[in-house]
Amino acid sequence: MAEIKVGIIMGSQSDWPTMKEAATILDELGVVYETRIVSAHRTPDRLWDYGKTAADRGLHVIIAGAGGAAHLPGMMASKTRVPVVGVPVQTRALSGVDSLYSIVQMPKGFPVATMAIGAAGAANAGLMAAGILAVSDPALAARLDAWRTALAASIPEEPTDD
Ligand code: RP5
């Protein structure tokens, strides 16, 4: 069985429709991952345990999505040296700007690679994780190149009315 190198974690079940976009990209690229609900506020012990064991379990990248007072990505970054890619989940009250600001303004020493708000950010988090793994995985690098080529080929040269 392939080693799990990517963890997709999220603050709530309600984040899954967004975070699924990252999972879909990783499925397309043949990258094995695990998914967990890990809330900075509701399950802090779970966050601690996940961060404490992440490197030893062989994780190479953690994609962390949360909304509102989105402390999960930053707290995870403080607990593990495994690179954390943060996804600001769109919120109803403040459209995800709250999530973005909560995730992006990390203090020096504990970086979170922060993506765009919402579905595009989650998809890009999947691509970012794949890109990181592809540095030392030529087969994945070839699949990622092919994915990018196919995306470029799908863009029409001229706009149409319909
Ligand atoms: C955050 O609070 C979660 O990441 C989620 O985006 C937000 C709302 O959570 P629920 O109240 O929907 O569980 O912790």
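Just so you know, glycine gets a Cβ as well, placed from its N, Cα and C.
Annotated substrate binding in TrEMBL involves SER12, ASP15 plus, out of the candidates ARG36, ARG42, the residue ARG42. Reduced to three states, the DSSP call for ARG42 (substrate binding site) is coil.
Taken in sequence order, the binding-site residues SER12, ASP15, ARG42 that lie near ligand 1, meaning a CB under 6 Å from one of its atoms, are SER12, ASP15.
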